[in-house]
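As recorded in Swiss-Prot, the features of this protein are as follows:
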SIGNAL    1-18  signal peptide
REPEAT    71-89  repeat 'PIR1/2/3 1'
SITE      81  site 'Covalent attachment to cell wall glycan'
REPEAT    97-113  repeat 'PIR1/2/3 2'
SITE      107  site 'Covalent attachment to cell wall glycan'
REPEAT    114-134  repeat 'PIR1/2/3 3'
REPEAT    135-153  repeat 'PIR1/2/3 4'
SITE      145  site 'Covalent attachment to cell wall glycan'
REPEAT    154-171  repeat 'PIR1/2/3 5'
SITE      164  site 'Covalent attachment to cell wall glycan'
REPEAT    172-190  repeat 'PIR1/2/3 6'
SITE      182  site 'Covalent attachment to cell wall glycan'
């Protein structure tokens, strides 16, 4: 009997080794592989725009059309979630992008409809932004979650106060962040952050109150509130802490690829999964309502 109990305890311990426990150094929660040529330190504050990955068009044709496409930026609501909208909106140029918004809990969200205005504010915390190549910014809600919209142009992802990231189903221009932590975005070009041959970021978006703002240093991603960008136990991308949420899988190992996309480890493909009127963002395919996307990095400017 004692032997069986020991085996069960050992099995349970093994399943938790890959996840974060509060007593452990969270900065070691990093994938084993790294993205070739990825930048782990970026000097400027930036946002992200959700770019759907077409399974029918070639990579070369996608590259050809990228500069002319309006992109959706993610917003963040107060809890840290990141969200993106589901529709597209017309935006300005460097390639201008509507920013993803963030709500107060850290979630990131993006809208689902196509409007030229900034993504809607959530009661938590949203972030809005636009432009360089025009893209709708992803929003973040107060809990740190990140969400994004469902359509192909400039809608912004938001983050709510708990750190989750969500995106709406329509395209809006930029993501802004409201007092409760939600993030919404709008669009504009930046004169200060001109792209160079070594700068992987070639899109810009207007920064407004509530825009999901991120910094990348040493492979660690933080939002405007200093919360840690992580992949949590359910594979969702959101911001928490510090320290990150107990059970987090990755809290370091972030980079910007040579193509200007956000990556965790050697992976730059994320999934937007429909949750009501917003998409939540994940690093793995978790269900039938999930589609592959790139999270394009966008410079944020005051407009």
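Using N, Cα and C of the backbone, Cβ positions are placed for all residues, glycine too.
Distance between Cα atoms for residue 107 (site 'Covalent attachment to cell wall glycan') and residue 81 (site 'Covalent attachment to cell wall glycan'): 0 Å, as a whole number. Residue 81 (site 'Covalent attachment to cell wall glycan') counts 50 other C-beta atoms within 10 Å of its own C-beta, drawing on all protein chains shown. The DSSP secondary structure for residue 107 (site 'Covalent attachment to cell wall glycan') is strand. Summarising the environment of residue 107 (site 'Covalent attachment to cell wall glycan'), the number of other Cβ atoms within 10 Å of its Cβ, over all protein chains shown, is 50. For the recorded site, residue 145 (site 'Covalent attachment to cell wall glycan'), the DSSP three-state label reads strand.
Residue 145 (site 'Covalent attachment to cell wall glycan') sits 1 Å from residue 81 (site 'Covalent attachment to cell wall glycan'), taking the C-alpha atoms as the reference points.
For residue 145 (site 'Covalent attachment to cell wall glycan'), the count of additional Cβ atoms within 10 Å of its Cβ stands at 44 [all protein chains shown]. As a whole-number mean, the pLDDT of the repeat 'PIR1/2/3 5' (154-171) in this prediction is 58. Taken residue by residue with DSSP, residue 81 (site 'Covalent attachment to cell wall glycan') is part of a strand.
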